[in-house]
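Marked as active site, proton acceptor by Swiss-Prot on the basis of similarity to another entry: Asp46, Thr139. Taken from Swiss-Prot, the feature Mg(2+) 1 binding site applies to Glu71, Asp134, Ile136. Residues or ranges marked as Mg(2+) 3 binding site by Swiss-Prot: Glu71. Look at Swiss-Prot and you will find Asp134, Asp137, Asp288 tagged as Mg(2+) 2 binding site. Among the features that Swiss-Prot reports, adenosine 3',5'-bisphosphate binding site is placed at Thr139, His235, Ser259, Lys262, Arg276, Asp288. Residues or ranges marked as AMP binding site by Swiss-Prot on the basis of similarity to another entry: His235, Ser259, Lys262, Arg276, Asp288.
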Amino acid sequence: MAYEKELDAAKKAASLAARLCQKVQKALLQSDVQSKSDKSPVTVADYGSQAVVSLVLEKELSSEPFSLVAEEDSGDLRKDGSQDTLERITKLVNDTLATEESFNGSTLSTDDLLRAIDCGTSEGGPNGRHWVLDPIDGTKGFLRGDQYAVALGLLEEGKVVLGVLACPNLPLASIAGNNKNKSSSDEIGCLFFATIGSGTYMQLLDSKSSPVKVQVSSVENPEEASFFESFEGAHSLHDLSSSIANKLGVKAPPVRIDSQAKYGALSRGDGAIYLRFPHKGYREKIWDHVAGAIVVTEAGGIVTDAAGKPLDFSKGKYLDLDTGIIVANEKLMPLLLKAVRDSIAEQEKASAL
């Protein structure tokens with residue numbers, strides 16, 4: 001398999017970060033939640049997850065130049081009054097890494113932790129290799145006890161070549177009730193991974209179980225398709241998604257879940273369509289889609305903007321998008337693009353009146 005060494009490191013990093021997140025989610029304390037300037041909640045686990053991934057990748061791939069594009073920086077943790085939070089994160093990270101032989105006996109200081117978090121301040125771009133991380137994708141889902149993901153991808157010369165999604169709360173069985181992935185298991189926690197040209201695989205997050213190759217839904221009739229969208233109305237225009245679904249003839253109600261767990265569920269055929277149309281003025285960040293995009297495309301799906309253009313991850317931290325992001329299989333995509341085009345045109349016409 002291509003990128004075998006990088007994939008092993010990424011799976012280890014994402015799995016350990018997910019273990020840290022699970023520990024925090026189980027005992028979520030009010031003091032864990034801080035407020036960032038953009039009003040989205042950020043947690044102790046967010047910082048801890050980023051530190052774990054940064055430290056594991058650096059150690060496992062020590063012979064290579066290391067560039068990480070990630071969501072968090074340590075600015076808030078360096079402010080007065082943050083010492084208790086910083087020490088708590090440092091302890092969590094140390095406890096998590098102590099389970100790994102390669103880190104046994106090495107204890108991080110708070111300064112080590114801040115440095116690890118700030119390794120994620122790369123800008124990305126079209127040249128070289130860049131790891132791309134969302135340490136907790138779906139922070140609001142995490143805080144509610146719902147879906148979230150540790151999402152880690154690798155860009156090489158601006159192209160996505162590897163992606164790992166650790167989804168601690170995603171059942172092994174289908175979340176759409178169709179049970180296409182043929183699991184009757186009630187086990188929870190999935191790890192999805194893909195490398196370019198090698199397909200997408202899923203396995204239980206907390207076990208050495210054998211990975212299973214997965215495929216997107218083969219549904220050709222939109223009436224039989226189910227579609228995913230963001231749980232939070234603040235993240236996506238649900239009215240526009242509803243209009244598109246109506247034009248397609250989709251009969252099933254939308255499945256609304258947080259985070260790139262949607263991409264994982266789509267890759268194994270739980271749903272057939274994903275619609276994401278952010279509110280005007282919102283700029284999509286690459287860490288919200290890099291890992292998920294390759295997980296779906298390697299499983300046979302197509303990921304584009306609303307005009308049908310492939311997503312371009314080579315422009316730095318932000319995606320330069322036409323309106324939104326849509327995902328479907330090869331058969332449904334032409335029908336979906338037409339429904340999207342017609343619905344957007346109607347919406348623009350209505351707003352001009």
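Glycine is no exception: its Cβ is also placed from the backbone N, Cα and C atoms.
A map of Swiss-Prot features onto the structure.
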| residue | record | DSSP class |
| --- | --- | --- |
| Asp46 | active site, proton acceptor | helix |
| Glu71 | Mg(2+) 1 binding site | coil |
| Asp134 | Mg(2+) 1 binding site | strand |
| Thr139 | adenosine 3',5'-bisphosphate binding site | helix |
| Ser259 | adenosine 3',5'-bisphosphate binding site | coil |
| Arg276 | adenosine 3',5'-bisphosphate binding site | strand |
| Asp288 | Mg(2+) 2 binding site | helix |
Long-range Cβ environment of Asp134 (Mg(2+) 1 binding site), under 8 Å and at least 6 residues apart: Ala70, Glu71, Ala149, Val150, Ala151, Gln260, Trp287, Asp288, Ala291
Ser259 (adenosine 3',5'-bisphosphate binding site) versus recorded positions Asp46, Ile136, Asp137 - nearest by Cα: Asp137
Cα-Cα distance linking Asp46 (active site, proton acceptor) and Thr139 (adenosine 3',5'-bisphosphate binding site), given in Å to the nearest integer: 8
Among Asp46, Glu71, Asp137, Asp288, which are recorded positions, the residue with the most C-beta atoms within 10 angstroms of its C-beta: Asp137
C-alpha spacing of Asp46 (active site, proton acceptor) relative to Asp137 (Mg(2+) 2 binding site), in angstrom: 9
Pairwise Cα distance for Arg276 (adenosine 3',5'-bisphosphate binding site)/Ile136 (Mg(2+) 1 binding site) [Å, integer]: 19
Candidate with sparsest Cβ neighbourhood (10 Å radius) among Thr139, Ser259, the listed binding-site residues: Thr139
Spatial separation of Asp46 (active site, proton acceptor) from Ile136 (Mg(2+) 1 binding site) - C-alpha basis, Å: 6
Fewest-neighbour residue among binding-site residues, criterion Cβ within 10 Å, set Lys262, Arg276: Arg276
Between Asp46 (active site, proton acceptor) and Lys262 (adenosine 3',5'-bisphosphate binding site), the C-alpha gap once rounded to whole angstrom: 19
